[in-house]
Amino acid sequence: MTRLQQRLEEALANLPDALRTSLTPIINAEFKGVISKEQFQSLQADSELSDKELRLALLPLAAAFSVAPISNFYVGAIARGLTGNLYFGANMEYNDVQLGQTIHAEQSAISHAWIQGETGISDITINFSPCGHCRQFMNELTTADSLMVQLPERNEKSLQEYLPESFGPKDLGIEGGLLAPLSHNLALETDSPLLRKALEAANRSHAPYSHNLSGIALEMESGEVYYGMYAENAAFNPSLPPLQVALVHANMSREDILTVKSAALVEDHKGAISHLAITQSTLEALNPDVTLEYASL
């Protein structure tokens, strides 16, 4: 049994009997942190829990995906997409990498939903109050004005109540927002499957400020490939690089992120910044033998 599955089963064991019985077939060795709208409705009926109570009860399962070798502080988040599906996320840290590369649980859950094709988030449930960094990150979303935030033992509140007089994309003349469906039509002639997958990700990236349209693909020792696209933020610092989104993709797919063996990064040369140097250094900290292909379009 993997460490992740052990954590999931430990979390399951602490749930009310009716909920545990209904969840057990779902939380199997193939579970990748997604609960469909239909599954959620079935769990709610079986457990007789309210929508809020059920989401809060599921948080320990989301936190089981946490990778926190520095803080040993496990945070879970559950983002509900506009489809009604729920996406787990958890904080991620890396030894020997500067703390700015850390992924917060809210960023993880939202990235997970983005990877799965969601175009907006209706609500997010978190086991600890969102930090200012995450409040600003969420304010980039297409649904920032209507997004609701649920914490344990508190009433649900809007993001705008957590971030009064907020600064966001509209203040910089940007319409749309993070998770808006995009296709930038970047093109690259290559025989590399990894570069092609990174290009697909770059074409979905959100980079209205630096115009650094960028995406990455990671190949793991298992042979599986995971991708990520750049999620830029109006406040700049809360931006989430493509590598971090790809690492969320891998982690929520039950991969050990230390087993990345090769990567490919694609960027638009017209961008005002580059992810190349920080991507190289972070990958090398995960695996000193990793190889990185790079294309500047």
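Along the chain as shown, residues are numbered 1 onward.
Heads up, the Cβ atoms here are built off N, Cα and C, so glycines get one too.
Here's what Swiss-Prot has on this protein:
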ACT_SITE  Glu106  active site, proton donor
BINDING   Asn91, Met92, Glu93  substrate binding site
BINDING   His104, Cys131, Cys134  Zn(2+) binding site
DOMAIN    50-170  domain 'CMP/dCMP-type deaminase 1'
DOMAIN    189-297  domain 'CMP/dCMP-type deaminase 2'
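What Swiss-Prot annotates, mapped onto the structure for a quick look.
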{"residue": "Asn91", "record": "substrate binding site", "DSSP class": "coil"}
{"residue": "His104", "record": "Zn(2+) binding site", "DSSP class": "coil"}
{"residue": "Cys131", "record": "Zn(2+) binding site", "DSSP class": "coil"}
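Spatially, by CA atoms, the recorded positions His104, Glu106, Cys131, Cys134 include one closest to Met92 (substrate binding site), and that is His104. The two recorded residues Glu93 (substrate binding site) and His104 (Zn(2+) binding site) have their Cα atoms spaced 9 Å from each other. Across the structure, His104 (Zn(2+) binding site) and Asn91 (substrate binding site) are spaced 4 Å apart at their Cα atoms. Listed in sequence order, Ser66, Val67, Ala68, Ser71, Phe73, Tyr74, Val75, Thr102, Ile103, His104, Ala105, Ser108 are the same-chain residues six or more apart from Asn91 (substrate binding site) with CB atoms under 8 A from its CB.
Using the Cβ center of His104, Cys131, Cys134 for Zn(2+), the list of other same-chain residues with Cβ within 8 Å runs, in sequence order, Ala105, Glu106, Gln107, Pro130, Gly132, His133, Arg135, Phe137.
Cys134 (Zn(2+) binding site) sits 7 Å from the residue listed as 'active site, proton donor', taking the C-alpha atoms as the reference points.
According to DSSP, the domain 'CMP/dCMP-type deaminase 2' (189-297) comprises 35 helix, 29 strand, 45 coil. Ranking the binding-site residues Met92, His104, Cys131, Cys134 by how many other Cβ atoms lie within 10 angstroms of each Cβ puts Cys131 at the bottom. Assigned with DSSP, the residues of the domain 'CMP/dCMP-type deaminase 1' (50-170) fall into helix, strand and coil as follows: 40 helix, 26 strand, 55 coil. Within the set of recorded positions (Glu93, Glu106), the lowest number of other Cβ atoms found within 10 Å of a Cβ is recorded at Glu93.
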